[in-house]
Amino acid sequence: MKNPQLNKNGELQHLLGIDGLPKSIINHILDTASSFVSIGERELKKVPLMHGKSVFNLFFENSTRTRTTFEIAAKRLSADVINLNIAASSASKGESLLDTIDNLAAMHADMFVVRHATSGAPFLLAQHLNDTKQHHVHVVNAGDGRHEHPTQGLLDMYTIRHYKKDFSNLTVAIVGDVLHSRVARSDIHALTTLGAAEVRVIGPRTLLPGGLEQMGVRVFTNMNEGLKGVDVVIMLRLQNERMNGALLPSTQEYFKQYGLTPERLALAKPDAIVMHPGPMNRGVEIDSAVADGPQAVILSQVTFGIAVRMAVMSIVSGSNA
Amino acid sequence: MKNPQLNKNGELQHLLGIDGLPKSIINHILDTASSFVSIGERELKKVPLMHGKSVFNLFFENSTRTRTTFEIAAKRLSADVINLNIAASSASKGESLLDTIDNLAAMHADMFVVRHATSGAPFLLAQHLNDTKQHHVHVVNAGDGRHEHPTQGLLDMYTIRHYKKDFSNLTVAIVGDVLHSRVARSDIHALTTLGAAEVRVIGPRTLLPGGLEQMGVRVFTNMNEGLKGVDVVIMLRLQNERMNGALLPSTQEYFKQYGLTPERLALAKPDAIVMHPGPMNRGVEIDSAVADGPQAVILSQVTFGIAVRMAVMSIVSGSNA
Amino acid sequence: MKNPQLNKNGELQHLLGIDGLPKSIINHILDTASSFVSIGERELKKVPLMHGKSVFNLFFENSTRTRTTFEIAAKRLSADVINLNIAASSASKGESLLDTIDNLAAMHADMFVVRHATSGAPFLLAQHLNDTKQHHVHVVNAGDGRHEHPTQGLLDMYTIRHYKKDFSNLTVAIVGDVLHSRVARSDIHALTTLGAAEVRVIGPRTLLPGGLEQMGVRVFTNMNEGLKGVDVVIMLRLQNERMNGALLPSTQEYFKQYGLTPERLALAKPDAIVMHPGPMNRGVEIDSAVADGPQAVILSQVTFGIAVRMAVMSIVSGSNA
């Protein structure tokens, strides 16, 4: 099936995932974002690019943090933002998802920012909107199941490019619960597309999915080995719900084997940067000395994240069917 | 008691119900709405008619869908919108409803959009605001108990007028749970005021209120008979909570007797339109083949609904005491 | 420890409490507020003072009423407002409070309006922002534990000044559950700073904290004695959760001893005004005849409250580190 995120001219009409996104489009988003970074620092933080447009935050899965970043990005583009907690809404009244979507589209929505617990839900919505010729609505995936979290992947690339300039010489390690991480999946696709020299994944075997090698990734279960000589360390959040299950013995045990401490970080290159998508579990996947240390660029990720989301929203809303 | 929705010059100061609304005012709202329909299709979907005004969505009963339509309408008029989920708020702190209202009015509110489970609540609020000379606040009823849902009634009239031009030759059938439906009540008042040739109501005896004939309505319990030769079919939503009670045997049985299927729709005029206020229960009150078929104008209702709400809000906020 | 609410030039950088606020700053806020009072009465209720700024309502403790007043104030200053119900958010994902704050600050927030159940939480946040040189973010305390509710204190002062002009001859009585009241604490600090002739506190011994005399306050447990000859009566809300506990026998008993009735109010000066921060418990701490009587200025407090919050927000956001 054709990826519905690109229109017939190859322009970005929806952002559904980084998988399948050409390098040129990723670079266009990152270049556009860099013009927005400075806006955040001005007294007047708004541009009129989406003035009069209606952005709907459709969060079928609750995430205040991510919703907030999209809300700020949209408001700084001068759009009107409507927040819908769909979980608590019509879905519970027995209406089908597509009926809900058609209804909102009929209100002349311009954009749906979609977070959903089911992998592929934003893809399904975009496909439906295209099939029914509701081309005025653009879908941005804000995280779907274990599939992708493309704006997080893009802001991670922005951050790496900001600190390291060129991808072609970089070794990047992604550490932790890769199995359940849509961030990891988006990062891997982005890094391989942008031509990173080496992408590594580090984690316990129970938290690593199959098929990583086919994605062009080197797999490590020993953290000390995996960190050797890397330029970038991307730590993943360990979700609490994993800890008491069969997948992990305990958080203390996890920290002992995969927590990023200053000693472990010393195995990476001296100028290696440390990233984390947040929210952090200090003392579980990351030591506070690292989280607050000079190599951490975690808060820069947040700042760049607003600019990247502004770039994505303005690019897709400017495209045609 | 005098209807508080009209001021001493007969202008619309509040919108509380369609009952008692003169034909001239209904037509003024529909005419105003038609100028707003085109705004939704423009790149820049905003007009400055309510710039600097504060609209409060007071939803004592939760309804994300309806709240969203008013929020969009207000934002496209450039108003500031404040959403209050009053159910979860001061009401629970033992404050009286009128104290809550006086407090919000004292914040220089311009409009209260009120949804309440109790019939007559918006009427009570408007009366109180008039009595206490808080004339700067306008009340719009967004659905009260089983009483009225006037903006839904108006958008239904807009839709019928759009497709059928003239009311005087029309036969309109309203089908389903009329007993619990504020939409049905608003539609009946609107249709009789606008001079529809014949208004029919179709439903099981347990879901029809008394006194329908006195409202100028023909009552049918047999759907096939009721649909014969009609120009417009307005399907009502069957609320889930009715199904397991004493009023109805089962949803399957209901669908068999009152579900709108293509076969049944064929009994109506060939160019009959099918309407539904949403959210739909496919397979309960309406067959998917009809809901998605060429005669359904259900999504047009949604689109027109934004324009009609913009019209109502701009008209009442422009009136004086 | 230095109070972090004033910068090195003695300007108001954060508003954390009235304790420690110089008289000149209180007067500056009240003078600024008076220019905003008229804005609320205009057709166009907005000024562009905070256009393009991002105000975050961080309500760790739910309060729809207070949140609404800040939301309106910010929107009338043309700021973008983002409401975060933090209780239901990242806090529950194990992230530390300071990490949450740093994250939001990294999104280029301009202001945090903070409500928190813990006394001192806004102070802690402001200290942290100053320590980490995140000087672009200003903190406004919207009520912290039993500590302070400074904007309520300031709007109370605005109201008194409006009706009584000069503080130096005034006797003010604060009545009720002073022990649990952050409003009482802010009012006492403000009144003593502004030079009120006499500040009285009236309540049952179980609801009076120690150390009141050291704050320059006269304590009464007999309401009739305490009300004699006062110019201003500030009634406090009796929180429902106190009533069934060991602190009070019953609400009827409380009303008999400390409820403000017309008879009791007659003991005050004939032109005494009656204030209440809301929401009121009619028949518990205040009789309806008083609440709705000619001496009550309770709704004026609400109106002035918006102007005072606009003043505070515009003043702190205009200050530098």
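Quick reminder: no glycine exception, Cβ is built from N, Cα and C everywhere.
Marked as domain 'Aspartate/ornithine carbamoyltransferase carbamoyl-P binding' by TrEMBL: A:13-161. Averaged across the domain 'Aspartate/ornithine carbamoyltransferase carbamoyl-P binding' (A:13-161), the predicted model reaches a pLDDT of 92.
Summarising the annotation, TrEMBL assigns carbamoyl phosphate binding site to A:Arg65, A:Thr66, A:Arg115, A:His149, A:Gln152, A:Gly278, A:Pro279. The Cβ of A:Arg115 (carbamoyl phosphate binding site) has 23 neighbouring Cβ atoms from other residues within 10 Å, across all protein chains displayed. In three-state terms derived from DSSP, A:Arg115 (carbamoyl phosphate binding site) belongs to an extended strand segment.
Applying an 8 A CB threshold to same-chain residues 6+ apart, the list for A:Arg237 (L-aspartate binding site) reads A:Gly176, A:Asp177, A:Ser181, A:His276, A:Pro277, A:Gly278, A:Pro279, A:Met280, A:Asn281, A:Glu285. Among the features that TrEMBL reports, L-aspartate binding site is placed at A:Lys93, A:Arg182, A:Arg237.
Taken from TrEMBL, the feature domain 'Aspartate/ornithine carbamoyltransferase Asp/Orn-binding' covers A:169-315.
Other than A:Arg65, A:Thr66, A:Arg115, A:His149, A:Gln152, A:Gly278, A:Pro279, the residues of this chain whose Cβ falls within 8 Å of the Cβ centroid of the carbamoyl phosphate site are, in sequence order, A:Ser63, A:Thr69, A:Ala142, A:Gly143, A:Pro277.
Other Cβ atoms within 10 Å of the Cβ of A:Arg65 (carbamoyl phosphate binding site) number 19 in total over all chains. The binding-site residues in question are A:Thr66, A:Gln152, and the one with the fewest Cβ neighbours inside 10 Å is A:Thr66.
A coil conformation is recorded for A:His149 (carbamoyl phosphate binding site) in the three-state DSSP classification, outside any helix or strand. Neighbour count (other Cβ atoms within 10 Å of the Cβ, all protein chains): 22 for A:Gly278 (carbamoyl phosphate binding site). Site extent for carbamoyl phosphate: the farthest pair of Cα atoms among A:Arg65, A:Thr66, A:Arg115, A:His149, A:Gln152, A:Gly278, A:Pro279 sits 17 Å apart. Shown in sequence order, A:Asn141, A:Ala142, A:Gly143, A:Arg182, A:Val183, A:Arg185, A:Ser186, A:Pro277 are the residues of the chain, 6+ apart in sequence, with a C-beta less than 8 angstroms from the C-beta of A:His149 (carbamoyl phosphate binding site). Here the domain 'Aspartate/ornithine carbamoyltransferase Asp/Orn-binding' (A:169-315) is broken down by DSSP into helix, strand and coil counts: 61 helix, 25 strand, 61 coil.
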